[in-house]
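Data first, discussion second: the structure below is written as structure tokens.
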Amino acid sequence: LGASWHLVTQLLSSSSALPFEQRGFWDFALDSLENGGMMSMVRDQEEGSTTEEILTPDVPMCPFGCHCQLRVVQCSDLGLTEVPRNIPPDTKFLDLQNNRITELKENDFKGLTNLYALSVRNNKISKVHPKTFAPLKHMQKLYFSKNLLAAVPKNLPASLVELRIHENRIKKVAAGTFSGLGNMHCIEMGANPIQNSGFEPGAFKGLKLNYLRISEAKLTGVPKDLPDSLHELHLDHNQIQAVELEDLSRYRNVQRLGLGFNHIRNIENGSLSFLPMLRELHLDNNRLTRVPQGLPNMKYLQVVYLHSNNISQVGVDDFCPRGFGMKRTYYNGISLFENPVNYWEVQPATFRCVNDRFAIQFGNYKK
């Protein structure tokens with residue numbers, strides 16, 4: 001096969017383990033192809049049956065240096081300083097990552113009404129024209145991480161479902177920033193130098209998000225005005241000191257809460273009772289001295305990460321309800337390693353509502 005196909009297969013196989021990183025831009029190309037379309041195309045090329053058709057004059061040109069195939073245009077790692085011209089109008093997937101583009105202009109995506117996903121990840125973009133995204137009536141996924149943006153771009157397409165804007169220079173999210181984006185389900189905006197005060201009241205108004213990550217920022221507390229529709233909220237790698245009683249009262253639908261790698265010393269009693277649907281709780285790498293109160297009353301909680309804290313003792317009722325309590329699911333993961341508690345001092349009955357003994361992780365304490 002040609003070099004372009006080899007590059008596509010390489011990209012298809014590469015993905016990142018970190019949640020905030022883009023997982024294979026080309027995965028979406030696979031999702032959209034019906035009945036093994038890509039593989040049949042490869043077979044056709046191997047047999048030489050489509051070569052002449054691809055080179056007919058009716059087919060739009062491919063931007064110089066890029067690879068165009070099956071409505072996928074791959075222009076990454078070319079040293080581009082601007083969005084190239086001659087992008088085929090039927091393009092569904094446009095990959096411009098790892099270039100040196102500094103701004104997105106008004107007409108950069110003119111005519112690309114079929115575009116489904118755009119990656120401009122790892123460029124040097126600091127300016128976006130207010131009308132840049134106007135032609136992109138059907139775009140659902142936008143990857144903008146690792147750029148120089150000081151604010152979330154304006155006038156994002158109403159069709160947008162997923163926005164990844166990790167690792168920029170955003171310090172403020174103004175009220176109404178996401179207005180009109182009722183289809184949005186996922187926002188990743190970590191690794192921006194944003195403090196709690198950087199979120200204006202109403203910054204997330206109108207959003208019905210399932211997933212939000214604001215990791216590696218400068219938050220000192222749980223933000224109060226995030227969408228109440230969230231199923232996943234990740235605030236890891238911040239400077240949060242404590243979880244106070246009302247901090248989580250808005251987030252009753254959250255099933256997965258990430259608070260690892262903060263400075264949390266205290267979780268106020270009763271604060272976790274606002275999360276009746278919680279299934280997974282990450283509190284590792286904090287400064288807790290005890291297991292948070294309220295865990296036995298959480299019916300669906302299955303995974304609790306408490307490793308790398310300062311927990312010196314674990315009570316027999318810290319995880320499981322007494323007698324025939326209300327808990328409906330067994331734990332399948334509790335991590336307590338790297339705490340100053342000796343596992344032999346913890347009563348076996350402490351873990352009576354754990355799936356099996358392999359679900360409990362103890363380990364050595366490192367001072």
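In case you wondered, yes, glycine gets a Cβ from its N, Cα and C as well.
What TrEMBL records for this protein:
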- Cys62-Cys68: disulfide bond (DISULFID)
- Cys66-Cys75: disulfide bond (DISULFID)
- Cys320-Cys353: disulfide bond (DISULFID)
- 61-93: domain 'LRRNT' (DOMAIN)
Nearest of the disulfide-bonded residues (Cys62, Cys66, Cys68, Cys75) to Cys353 (disulfide bond) - Cα to Cα:
Cys75
Report, in whole Å, the straight Cα-to-Cα distance of Cys320 (disulfide bond) from Cys66 (disulfide bond).
58
Round to a whole number and give the Cα-to-Cα distance in Å for the pair Cys68 (disulfide bond) and Cys320 (disulfide bond).
57
Provide the three-state DSSP residue tally for the domain 'LRRNT' (61-93): helix first, then strand, then coil.
0 helix, 7 strand, 26 coil
Inter-residue C-alpha distance, Cys62 (disulfide bond) and Cys320 (disulfide bond) (nearest angstrom):
62
Of Cys68, Cys320, Cys353, the disulfide-bonded residues given in the record, which has the fewest other CB atoms within 10 A of its CB?
Cys353
Pairwise CA distance, Cys75 (disulfide bond) versus Cys320 (disulfide bond), rounded so that it is a whole Å:
54
Just counting, how many other CB atoms are there within 10 A of the CB of Cys66 (disulfide bond)?
20
